[in-house]
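**Q** Before we start, here is the structure in question, set down as structure tokens.
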Amino acid sequence: MSQLSVNHLLGIKYINKQDIDLIFETADHFKEVINRSIKKVPTLRDITIANIFFENSTRTRLSFELAEKRLSADVVNFSAGQSSVKKGETLIDTVNNILSMKVDMVVMRHPNPGAGIFLSKHVNASIINAGDGAHEHPTQALLDSYSIREKLGDVKGKNVVIVGDILHSRVALSNIFALRLQGANVKVCGPKTLIPKYIESLGVGVETNLVKALEWCHVANMLRVQNERMDISYFPSTREYTQQFGINKKLLDSINKDIIIMHPGPINRGVEITSDVADSDQSVILNQVENGVAIRMAVIYLLASKIK
Ligand code: CP
């Protein structure tokens, strides 16, 4: 059986094209499973997984929990806000206490970049990064590429523009790594203040004109402005941001081609995307969420097969 090259999923930076192909082939199988009337397989009855979330989440957290339950794993959920972290317990102590209850795998979201990498070096369990600050969100990038592959047949050779707050986005960085590994052409578009200076060194083009970016692309991945990670203002006002970098139906219709519209969520309707685009036939936003469960089942299954 083919195996992943890694024992943890800490970022797309640490995996290769063969890993992505294997995850997608495995997700194809699980997508078929979750569309049956009985959406479960007994595969991971002997595995226990802890979902530990130090930051808010709707999609990722529920998607991981559903993926785990559909593989028949035992699941425990931990929210930092209701835990003894509030009494001063460290991350390593917290996780080692959870692991001593015979937990095999940890899915972690954390506000600090590199938290998953740090944890993987200090505890004896397989770690999946469910988003670490502005660093990486690997399963989001995998489900995004999987959704492009589903819609366009292949990721290779496709033009993908990532629009918005690139500077604070773990989704952007993981997507750039994943898309480049698969041979897509990638541009970022947004205010210059929200585009990191190093971005071109990742093989990515920069376009500050949204119309030109849309004319170029097959896929536009619209990102939210991450106000919670900003301690200064990066653009004059939300209204001006929307005028320059928001997508609406009139703008989309003026581009004479069928661009696929993606968004990782949560959406700020009327800021980076209007409802008539988010809810249109060109939008695959809910397909992305659906595919997230199959992708996470595949990642968990493949990592679990390395610890059995
Ligand atoms: N896309 C994403 O990570 O959404 P959540 O923050 O709701 O998990």
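Note: Cβ is positioned from N, Cα and C throughout, glycine not excepted.
Heads up, TrEMBL stuff is auto-annotated, nobody curated it.
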**Q** With R59, T60, H137, Q140, G265, P266 listed by TrEMBL as binding carbamoyl phosphate, identify the candidate in R109, R229, R239 belonging to that site.
**A** R109
**Q** Under 6 Å from ligand 1 by C-beta, which of these binding-site residues make it: K87, R109, R170, R224? Sequence order, please.
**A** none
**Q** Relative to the Cα of R224 (L-aspartate binding site), which of the binding-site residues R109, H137, G265, P266 have a Cα no more than 10 Å away?
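**A** Near R224 (L-aspartate binding site), where near means Cα within 10 Å, the binding-site residues are G265, P266.
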**Q** State the Cα to Cα distance, in Å, between R170 (L-aspartate binding site) and T60 (carbamoyl phosphate binding site), rounded to an integer.
**A** 13
**Q** Per DSSP, how many helix, strand and coil residues does the domain 'Aspartate/ornithine carbamoyltransferase carbamoyl-P binding' (8-150) have?
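**A** Computed counts for the domain 'Aspartate/ornithine carbamoyltransferase carbamoyl-P binding' (8-150) are 70 helix, 26 strand, 47 coil.
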**Q** Round to a whole number and give the Cα-to-Cα distance in Å for the pair R109 (carbamoyl phosphate binding site) and K87 (L-aspartate binding site).
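**A** Computed Cα spacing between R109 (carbamoyl phosphate binding site) and K87 (L-aspartate binding site) is 19 Å.
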**Q** Whose Cβ lies within 8 Å of the mean position of the Cβ atoms of R59, T60, R109, H137, Q140, G265, P266, the carbamoyl phosphate site, other than those residues?
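**A** Neighbours found: S57, T58, A130, G131, V171, P264.
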**Q** Which residue counts does DSSP yield for the domain 'Aspartate/ornithine carbamoyltransferase Asp/Orn-binding' (156-302) in the helix, strand and coil classes, in that order?
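**A** Secondary-structure breakdown of the domain 'Aspartate/ornithine carbamoyltransferase Asp/Orn-binding' (156-302): 65 helix, 23 strand, 59 coil.
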